[in-house]
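In case it's useful when we look at the structure, here is the feature table from TrEMBL:
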BINDING   79-83, 151-157, 186, 299, 362, 412, 491  (6S)-NADPHX binding site
BINDING   80, 147, 189  K(+) binding site
BINDING   457, 458, 459, 460, 461, 490  AMP binding site
DOMAIN    10-249  domain 'YjeF N-terminal'
DOMAIN    264-545  domain 'YjeF C-terminal'
Ligand SMILES: NC(=O)C1=CN([C@@H]2O[C@H](COP(=O)(O)OP(=O)(O)OC[C@H]3O[C@@H](n4cnc5c(N)ncnc54)[C@H](OP(=O)(O)O)[C@@H]3O)[C@@H](O)[C@H]2O)[C@@H](O)CC1
Ligand SMILES: [K+]
């Protein structure tokens, strides 16, 4: 998958193409509408009984009158609505019966949308999009609903007519009995294409347009992979509309977000080693994972198993004396060393072969506060998770001052909000106007402040570096793995990243690769997964990627 764009970046690319004289806005709109129609018939060939996609032949009223497919196209006040008028015309050209509704004032449509509105008026009618629309639509029996109400221009709260009607329509369109398909153009109305966040409507819970298919243009948008949108886009199809993949300006490029995919492992994984002595256990690094006290060592043991499975040469658990017996009884391939306090840790870190550390899982707040300064002063590649983050909730600045560029923070939403309260508040604010603030923006800001990699967990995990690099590892659509939300799953992720750091992966690559493998391991297992299963699925996942993985 290619880079993920914000609405502003997409507009800039479109504007540059138009200004270069390569293409007009009207041509782009036509290609967008064609792309939507193509996608509909590729997805549901059974809807295409009336003819071929490119044909656009006028309907033969005699031959298919009793059997015509029916579409409802909901058009909005901007260019997204313009795409809708193109789709309406092309479907009618293929013999469909099409009803078009316009939300907004036709006189105020932007120029290209207005042209397509007028072209449609030559062959069909436009009804007003009112709060009574759903009554009318409900009476009909139709095959397809097209949402061309709001696209990348949507950022503020929805008004009553739009929100109410869409809510009632969507509710009436749901359920097992539903026969028709629902397509959103660019993004489902009710979502923001930069953030994926649900637009506010009257401060009530509402669904927006719950699509089966979302057809977008040139590149997928960041918001398709984040937050609420991932629940309502259905499936994303990206259609080429002839915009060249010209490199963005330097400033633009550093602000791109990229999706994480198997390349993160294929580029680095199979060959990555620390020294010349490939095959020796020390050439794959030595990770130290600090546990909590007696009765609280399970989380760190899970992390350690993850680190070992992902290929760290050696993994040692650093236990307080009280937990030594407990841990010794539970481990086999792992090693164990006593780390009673900060002084003991300082001595152990005198061994330079210990090249990756993990602090946090089950560690206890007090122990985390005691050991973090020594661990961070050693400047090893270090993962800070769970208690190692919460321990600094009252004074995040104290943590930031100790962090260094080889650290990876792995907060979930609650930990993130404690460490970066102002950033968390911006993210939680209901968007009122664009450009909206997304999880991508928030994670970037956090990484810049912390001066290290921040991996903000969730089904839409975002990973950012202080220099602005950013990637999205979304477990949504065909990669959905809801069973990954299980106790201890985050501990295994911390272990995967620690193991990769031990193998010599750079912190950003370790975070991306760990997050990607974590989701793949969950998918390989399927429902019923518990955290212990995740490390055990790794060999299978790695084998499928590369024989020597
Ligand atoms: N870029 C490209 O390459 C291409 C783009 N294309 C298409 O254009 C789309 C972008 O078009 P766009 O910029 O006109 O925005 P769009 O989403 O139609 O909305 C703007 C209108 O909605 C209004 N409005 C906003 N929020 C609202 C709310 N909550 N409730 C009510 N109204 C609200 C807003 O009003 P205003 O804020 O101006 O008062 C304005 O009137 C894009 O998604 C794609 O489909 C393709 O044709 C080809 C290539
Ligand atoms: K839309």
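Heads up, the Cβ atoms here are built off N, Cα and C, so glycines get one too.
Heads up, TrEMBL stuff is auto-annotated, nobody curated it.
What you are looking at is a predicted structure, and each value in this text was computed from that prediction instead of being measured.
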Counting only residues 6+ apart in the same chain, whose Cβ is under 8 Å from the Cβ of residue 412 ((6S)-NADPHX binding site)?
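Non-local contacts for residue 412 ((6S)-NADPHX binding site): 456, 457, 458, 490.
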Which residues, same chain and not among 80, 147, 189, have a CB within 8 angstroms of the centroid of the CB atoms at the recorded K(+) site?
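Same chain, not in 80, 147, 189, Cβ within 8 Å: 74, 76, 81, 84, 148, 149, 150, 151, 154, 184, 185, 186, 187, 188, 209.
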Which one is it, among the binding-site residues 155, 186, 459, that lies nearest to residue 80 (K(+) binding site) by Cα separation?
186
Looking at the binding-site residues 147, 189, 412, 457, 458, 461, which have a C-beta within less than 6 Å of some atom in ligand 1?
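Qualifying residues: none.
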Which binding-site residues from the list 147, 152, 412, 457, 459 come close to ligand 2, meaning a Cβ under 6 Å from one of its atoms?
147
DSSP on residue 186 ((6S)-NADPHX binding site), three-state: which is it?
coil
Using a 10 angstroms cut-off on Cβ to Cβ distances, just flag whichever of 82, 458, 490 is the loneliest among these binding-site residues.
458
Could you please provide the mean pLDDT value for the domain 'YjeF N-terminal' (10-249)?
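Across the domain 'YjeF N-terminal' (10-249), the average pLDDT comes out at 87.
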